[in-house]
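Q: The structure's right below; bear with me while I get my questions together.
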Amino acid sequence: MAAPCLLNVWKAGDCGGKEQWSRKRQSEAFTPTDSSLTCYVMWVAMEGQNVSFPNTFVLLGFSDLPWLEMPLFAVLLVSFIFTVIGNSSILFLSLVDPRLRTPMYFFLDNLSVLDLCVTYTIVPQLLINLWGPEKTIASWSCMAQAYLYQWMGGTECALLAVMALDRYVAICFPLQYVLIMHLWACVWLATVCWALGLANSLIQTTLTLYLTLCAKNTLDHFFCEVPALIKLACGDTTMNDLSLALGAIPFAIVSPLTVLTSYTFIARAVLKLPSAKGRRKAFSTCSSHLLVVTIFFGPAMYTYLQPPGNNTQSKFLSFFYCVFTPMLNPLIYTLRNKDVKEAWRRILSSQGRRKSLKAR
């Protein structure tokens, strides 16, 4: 039963009957206006509903293209398997082969961990939603997705910039490389990347939790993302929009500029090398990372620069960014890297020798 003071305010505000608001809430087109927002919030409170966040969210995903859901499910399942195998294999190689315990592969291990985290955060829920008619996700799971995705995305932006700096030091200062990029310097740089991503996630997602969603729970996306959750708010989102804009500066502006500046100096240094063989070797060292950077920042920037109304294209770009990028990263570093190929050959040949000795 509602408190008497709440009922008095309800009557004084000339809000009408509660049945009228029940019928309005059932209408999908209903959105509270400034004049009706007070009455709506009081109705929700008297009905015992959560004004801030509902218990579940509906992820529309690709439901507007039902014929595409099963093909997407098959593609997603295959890419999920390849992503897990590829990134896990890089981590395995770095652990068992001492020759891969270098700064470059230390940062590559961090990148593989990030790709696995992004994959496990988004893909399992997306597979469930594509397979069945239910497109729902629990509120706590939605918030976990938002926190983790924001954390991993920011960390990966910073890490790719650090990896570009590592290549810059390796090519422009080869004699001092071991002294500059020693173990604790690498650990400190990686820790800063993870800490920056975590701080950004805590700020952005926690601010989103304080928004009033007015019991709206339908996200026109295939996972819970902070910008998509902000769109559900029926109150003022100026603080959230400002926070997102300021938070994007170190990750969406400083990181790409750091990569661009590093590779500008790298290109100048490589072109000054006297031998063509030295130039080819230097370019091949950087080509894998440069390709990964292009695949990561390209779709991400294009997605967030799209106009708000172009939801379908944005979803497909996000799908590529969240699903295919983590799968392509280990493939690029494996197929284009001689060190990784040789590490696999050494491991497979040692296994073959062990089997032959056992057979004897």
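Every residue number used here counts from 1 along the chain in the order it is shown.
Every residue gets a Cβ built from N, Cα and C, even glycine.
These numbers come from a predicted model, not from an experiment.
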Q: For the transmembrane segment entry in TrEMBL, name the matching range from 217-238, 283-304.
A: 283-304
Q: In terms of Cβ proximity under 8 Å, which residues at least six beyond the ends of the transmembrane segment (148-165) contact it?
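A: Counting only partners 6 or more residues beyond its ends, the transmembrane segment (148-165) has Cβ contacts under 8 Å with 104, 107-108, 110-111, 114, 117-118, 121-122, 189-190, 192-194, 196-198, 200-201, 204-205, 223-226, 247, 250-252, 254-256, 258-259, 262-263, 289, 292-293, 296-297, 300.
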Q: Mind checking which residues reach the transmembrane segment (316-335)? Cβ under 8 Å, same chain, six or more beyond either end.
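A: Distal contacts: 72, 76, 79-80, 82-83, 86-87, 89-90, 108, 111-112, 115-116, 118-119, 122-123, 221-223, 225, 288, 291-292, 295-296, 299-300, 302-303, 306, 341.
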